[in-house]
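S.K.: Take a look at the following structure, please.
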Amino acid sequence: MNALASTSRNLRHAARILGLDSKIEKSLLIPFREIKVECTIPKDDGSLVSYVGFRVQHDNARGPMKGGIRFHPEVNPDEVNALAQLMTWKTAVADIPYGGAKGGIGCTPRELSMSELERLTRVFTQKIHDLIGIHTDIPAPDMGTNAQTMAWILDEYSKFHGHSPAVVTGKPLDLGGSLGREAATGRGVVFATEALLAEHGKKIKDLTFVIQGFGNVGSWVARLIHEKGGKVVAVSDITGAVKNPNGINVFDLLEHREKTNSLVNFQGADGLDPNELLVHECDVLIPCALGGVLNRENAGGVRAKFIVEAANHPTDPEADEILSKKGVIILPDICANAGGVTVSYFEWVQNIQGFMWDEEKVNKELQRYMTRAFYNIKSMCKSHDCNLRMGAFTLAVNRVARATLLRGWEA
């Protein structure tokens, strides 16, 4: 089942639990606006090439729309649509005043030079500048984009609208980015994990962890768990996987990866077949890579007692059912990885006020938001007698539906 069908199914299930009117349920499924643009740029060799750019703006009942821009060869309207919808629910769960959006350009960033990437980003911004804005839609980095990409968007947008640092988040610090933004998603995952474990009378320092993905999110999750005394027993990324039943020294692994650009041949651990990683013996499994990695083929073999979804949509619905029957507790993506958008919100607030926070304040507020979101989900689980995923979806859908009705949606 693809991401869009799966997200829509979760929405419909939540709407049924809440007893929502079918008309409002239908209106929540339909995106507010879908944008498709052709971005034609000269390459460094003088030839012309054209890329397709998308931006899906899903819902703005609770505030301006918010979501990443990815540069990836497989950017397609369906996927962008699903991720935009997921952002609506994620911002509602975190209780920040945004709706969801998502965008992207179908390209392979590593095949483009720095100047080609800059031209592509600027042309894309020229085509959508009147449809994004501080109080309309605020992009952020995603797969294949980074703080530099946001700097180019900010500069191009400002040519049309005057200096507007709050139009994008995830910017470089020198242009109004927030301290703590780089680690935010990973740190949020760890705060959410602590709240989940506390509910079951457990602590990070007493448990073993397996982490799939060692990019920005995975490496921060591993580092912070290691600092808190948790035992990271296996890690994987695109280059391979490593395991050590006595715990991997994450700082040594980060150093090894920095030197060799790979996890393999790391002295402090043994090699592991990456396909075995998800079914490796552990207490907590944290997928931080791509969607759809837990499916009906491997779900039966999962040995973890808890799964924390740091990636977007890592568990497909069939795996969800298998894991629920086994009694595995899953903390869903729309809660677990909301740290990134929460600190993006703090960055936007700082830019609008023209007053920047220190890192300690950013992390303290992040912990407050993540912990509060978890307890709000738990109370929905109690009211509606459902699992954490449906608790999160009913919380989010209820908030967005209430805002939609209060604004008078039939007028």
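Residue numbers in this text run from 1 along the chain shown.
Placement of Cβ uses the backbone N, Cα and C atoms for every residue, glycine included.
Just lifted these from TrEMBL, have a look:
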| type | residues | note |
| --- | --- | --- |
| ACT_SITE | Lys102 | active site, proton donor |
| BINDING | Lys66, Lys90, Ser344 | substrate binding site |
| BINDING | Thr185, Asn216 | NAD(+) binding site |
| SITE | Asp142 | site 'Important for catalysis' |
S.K.: Please list, in sequence order, every residue of the chain apart from Lys66, Lys90, Ser344 whose Cβ lies within 8 Å of the Cβ centroid of the substrate site.
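M.R.: Once Lys66, Lys90, Ser344 are set aside, the remaining close residues are Gly67, Met87, Thr91, Ala94, Ile96, Tyr98, Gly100, Ala140, Ala338, Gly340, Val341, Thr342, Tyr345.
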S.K.: Of the recorded positions Lys102, Asp142, Asn216, which one has its Cα closest to the Cα of Lys90 (substrate binding site)?
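M.R.: So, of the listed recorded positions, the one sitting closest to Lys90 (substrate binding site) is Lys102.
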S.K.: Cβ neighbours within 10 Å, counted over all protein chains: which one of the binding-site residues Thr185, Asn216, Ser344 has the most?
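M.R.: Output for this query is Ser344.
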S.K.: What is the maximum Cα to Cα distance, in Å and rounded to a whole number, among the residues Lys66, Lys90, Ser344 annotated as binding substrate?
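M.R.: Looking at Lys66, Lys90, Ser344 as a set, their Cα atoms extend up to 13 Å apart.
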S.K.: Distance between Lys102 (active site, proton donor) and Thr185 (NAD(+) binding site) at the Cα atoms, whole Å?
M.R.: 17
S.K.: At a 10 A cut-off on CB-CB distances, which of the recorded positions Lys66, Lys102 has the highest count?
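M.R.: The residue with the densest Cβ neighbourhood is Lys102.
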S.K.: Go through Lys90, Asp142, the listed recorded positions, and name the one with the sparsest Cβ surroundings, counting other Cβ atoms within 10 Å.
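M.R.: With the recorded positions Lys90, Asp142, fewest surrounding Cβ atoms within 10 Å: Asp142.
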S.K.: Can you grab the distance from Asn216 (NAD(+) binding site) over to Asp142 (site 'Important for catalysis')? Cα atoms, rounded to a whole Å.
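M.R.: Cα of Asn216 (NAD(+) binding site) to Cα of Asp142 (site 'Important for catalysis') measures 11 Å after rounding.
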S.K.: Calculate the distance in Å between the alpha carbons (Cα) of Thr185 (NAD(+) binding site) and Lys66 (substrate binding site), and round it to a whole number.
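M.R.: With distance taken Cα to Cα, Lys66 (substrate binding site) is 15 Å from Thr185 (NAD(+) binding site).
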S.K.: Just the number: how many Å between the Cα atoms of Ser344 (substrate binding site) and Asp142 (site 'Important for catalysis')?
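M.R.: So the Cα of Asp142 (site 'Important for catalysis') lies 12 Å away from that of Ser344 (substrate binding site).
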